[in-house]
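Everything on this sheet refers to the single structure shown next.
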């Protein structure tokens with residue numbers, strides 16, 4: 001069929017020959033009439049990939065001789081597996097969909113949350129959210145959409161609310177958007193969609209983080225749309241978090257965005273310097289550490305005001321103080337430097353940073369750092385840029401938003417770039433495999449990430 005073949009040739013230019021051969025040319029053409037094309041996929045996973053990556057292109061790019069759109073229908077006939085393998089898969093499915101409801105940090109409570117002018121509103125709204133209709137006067141915003149940069153306290157507030165709701169016996173589901181997508185793909189592949197829907201819809205409240213990850217995932221958005229509608233129509237509570245306001249979400253359907261705005265969308269801002277110091281002083285008191293304020297200021301500066309990093313460092317400090325029997329001693333800056341020497345070294349000049357990753361990738365490909373960070377779409381620069389983004393995600397565990405800030409790109413571009421590299425790795429692309437291996441070896445030998453703190457077992 002000529003229209004389909006022309007469409008495939010166009011896709012080869014956009015996403016590469018290997019990808020087209022693996023995912024599209026392997027689709028079997030079953031039947032074609034003037035306005036309908038029927039394809040057979042090798043399995044359900046191939047259908048999911050088609051829906052996520054190609055469906056939107058087909059709608060605008062596949063037309064017949066009369067320039068009318070061709071509707072594409074994709075079905076699959078999965079091959080039967082041997083009995084023992086089928087039984088093993090059945091066990092895996094059972095274990096997978098007897099899913100846990102998401103654990104929370106017991107330290108993340110409303111009482112441990114530092115309320116400041118920057119976060120007073122979301123704090124009060126989430127607290128009201130956990131009360132019964134009798135307690136809050138029957139007024140409940142649903143959904144609640146929290147948005148703000150990494151480290152602003154979204155996770156703390158969500159987990160605080162979850163703990164309160166679970167204490168009252170509620171069935172509260174807490175997932176990331178990545179996990180929702182993984183569950184969906186697994187359900188499609190294993191033919192367990194009914195179990196998936198039952199799990200996600202028979203709950204009292206849904207808390208889902210990082211909704212921007214749904215960007216460009218049409219099949220995932222479709223399923224979440226119906227999940228949202230089902231929960232909302234039954235009066236079940238929904239809390240969504242993101243780094244972006246609803247109107248700023250990229251490649252997310254308008255109907256989903258409108259639903260996020262049905263309740264209340266609340267910005268939450270990171271702590272300013274004074275607020276951060278106050279928050280950490282409370283943690284110091286909780287951990288029974290006696291530390292001079294200037295020593296704490298030094299730690300804040302040395303660890304770049306990163307809240308998660310600072311909390312981890314304080315927990316290590318408390319354990320080391322206890323081990324060395326220094327609980328009653330006031331800690332000065334020199335004491336902190338001694339007790340957290342390894343942590344501070346990891347955060348110092350030897351720690352891995354996005355800039356060092358970019359420098360190493362640039363050296364490997366023989367291009368300049370400026371070209372990787374620039375706007376050129378030449379393949380000579382695009383591939384190194386994508387590889388650098390991939391390493392920022394893999395080595396530093398940076399969020400898509402943070403990587404976007406580094407490379408001056410929106411998060412959807414970052415997500416698609418990283419996925420492209422992951423896909424090439426899965427396809428065993430020789431060039432990519434060698435590049436990832438060599439660059440990774442170089443990064444591992446030269447640096448260690450700020451995230452890789454000494455484990456508690458190593459402190460003595």
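The backbone N, Cα and C atoms fix where each Cβ goes, and this holds for glycine too.
Under the heading region 'Domain I, interacts with DnaA modulators', Swiss-Prot lists 1-68, citing sequence analysis as support. Per Swiss-Prot, region 'Domain II' is recorded for 68-102. If you look up Swiss-Prot, you'll see 103-321 marked as region 'Domain III, AAA+ region', on the strength of sequence analysis. Residues or ranges marked as ATP binding site by Swiss-Prot: 151, 153, 154, 155. As annotated by Swiss-Prot, region 'Domain IV, binds dsDNA' applies to 322-460, with the evidence given as sequence analysis.
Apart from 151, 153, 154, 155, the ATP site neighbourhood in this chain, defined by C-beta within 8 angstroms of the site C-beta centre, holds 148, 150, 152, 156, 157, 268, 307. Each of the binding-site residues 151, 153, 154 was scored by how many other Cβ atoms lie within 10 Å of its Cβ, and the smallest score goes to 151. Mapped onto DSSP helix, strand and coil, the region 'Domain I, interacts with DnaA modulators' (1-68) counts 38 helix, 12 strand, 18 coil.
Regional average pLDDT for the region 'Domain IV, binds dsDNA' (322-460) in the model is 81.
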